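Pulled from Swiss-Prot:
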- K20, S21, R25, S166, Q168, D312, K339: 3-phosphoshikimate binding site (BINDING)
- K20, G92, R120, Q168, R343, R387: phosphoenolpyruvate binding site (BINDING)
- D312: active site, proton acceptor (ACT_SITE)
Amino acid sequence: MKLKINSQGLKGRLKVPGDKSISHRSIMFGSIAKGKTIIHDILRGEDVLSTIEAFRALGVEIEDDGQVITVHGQGISKLKEPEKALDMGNSGTSTRLLSGILAGLPFEATLFGDDSLSKRPMDRVATPLQMMGAEIVGQTDKVKLPMTIKGSAHLKAIDYILPVASAQVKSAVIFAALQAEGLTKVVEKEKTRSHTEEMLVQFGGEITVSDKTILVPGGQKLLGQEVTVPGDISSAAFWLVAGLVVENSGLILENVGINETRTGILEVIQAMGGQLEILEQDEVAKAATLKVKASQLKGTEISGDLIPRLIDELPIIALLATQAEGKTIIRDAAELKVKETDRIAVVADALNSMGANIEPTDDGMIIQGGTKLHAPENAINTLGDHRIGMMVAIAALLVENGEIELERAEAIQTSYPSFFDDLEKLSGNL
């Protein structure tokens, strides 16, 4: 795909697609709950479709009329052994969270995925589930897909300290704990996104959260609910950055989810001096309207507890930093190496090919700001990573002459099927 965008500034209002994390979980909770769950504004990206198809294969009736999705849950014990292996596509969330559910079911299921997902570590989720009584066998000693899970109807509660800051691993243990005998205790070293905990309560479940300690009693029964999915702040992040770095821009993003475990990017924008307004806050829905306009930015440091609250936004934050005055340092983000790609290396390579000055490190990047971007000599390949594709497309807005050849642009379908339509709407051309 060729990108040649001569933007005179981005203008307009936009409603970004539904939050990917909440979309996954709404299908999962609806499938293990008893009764009907109705979901509004779900993200119909490839990852969420993988979750839907997996639960259909487990015997759950899921209807989509194009407006709302209806999940006819019969309770977790009614899930059935799949007739064939479950295709997880490129979705780490689908794989890891579903593993927690399968761990407590008395049958065997095999999960497989695409080349990218098959390289990602699954031992981090296999270890606690094995401690609880599930049998899990992966492709290697490190446990990678394809992975076979033989669940147990007699899971035992455990006390578990998460070795990595991962909402996916935490959520897998919570889903397994719902089926276990006794009280499961999960301790986080760094707080990660809290959608699973909050949605468990919404579906009538019991959970106690005290700072970084989570207690989940076993043997729980959940009830179907009506869910409205807010806009995804990870998708909104691309427009927030575009509005800040493209001259003469002013954007309003409506109904964006602002769960406090996901708003690290807003704090970074404010720390860098970006003109950002948070309007029309809905405390119950945890959503707001966000308004940005082109700004003079300065470098900052991003590290520590902030990292889990913006881990998925770091690629586009790196682009933001290239346009800020001074140096931006990102550290404590080694988790980027095991995302859809090694995002430390891939982000640095892509932006450096356009004239940026980024030094990759073991756990982040050092970015010298104030750089003018140009079209690269060679094509940039997303390597199947949706966030890399969107980062490059936003970077193209800053290139005055020439065009960018973006290979495997279809990866963007993972989380934002209407991305290029929205880009055309806001920029006036593509």
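Here the Cβ of each residue, glycine as well, is placed from N, Cα and C on the backbone.
Comparing Cα positions, R120 (phosphoenolpyruvate binding site) lies closest to K339 out of the binding-site residues S21, Q168, D312, K339. In the three-state DSSP scheme, S166 (3-phosphoshikimate binding site) is classed as coil. In the three-state DSSP scheme, K20 (3-phosphoshikimate binding site) falls into the helix class. Between the CA atoms of G92 (phosphoenolpyruvate binding site) and S21 (3-phosphoshikimate binding site) there is a gap of 11 Å, rounded to the nearest whole number. In this structure, the CA atom of R343 (phosphoenolpyruvate binding site) is 10 Å away from the CA atom of D312 (3-phosphoshikimate binding site). Separation of the C-alpha atoms of S166 (3-phosphoshikimate binding site) and R387 (phosphoenolpyruvate binding site): 18 Å, rounded to the nearest whole number. Cβ neighbours of D312 (3-phosphoshikimate binding site) (same chain, under 8 Å, six or more residues apart in sequence): S234, A237, K339, R387. Cβ crowding, taken as the number of other Cβ atoms within 10 Å, peaks at R387 among the binding-site residues K20, R25, K339, R387.
The least crowded of the binding-site residues R120, R343, judged by other CB atoms within 10 A of its own CB, is R120. Secondary structure at K339 (3-phosphoshikimate binding site), as computed by DSSP, is coil. Taking the binding-site residues S21, S166, Q168 in turn and counting surrounding C-beta atoms within 10 angstroms, the largest count is reached at S21.
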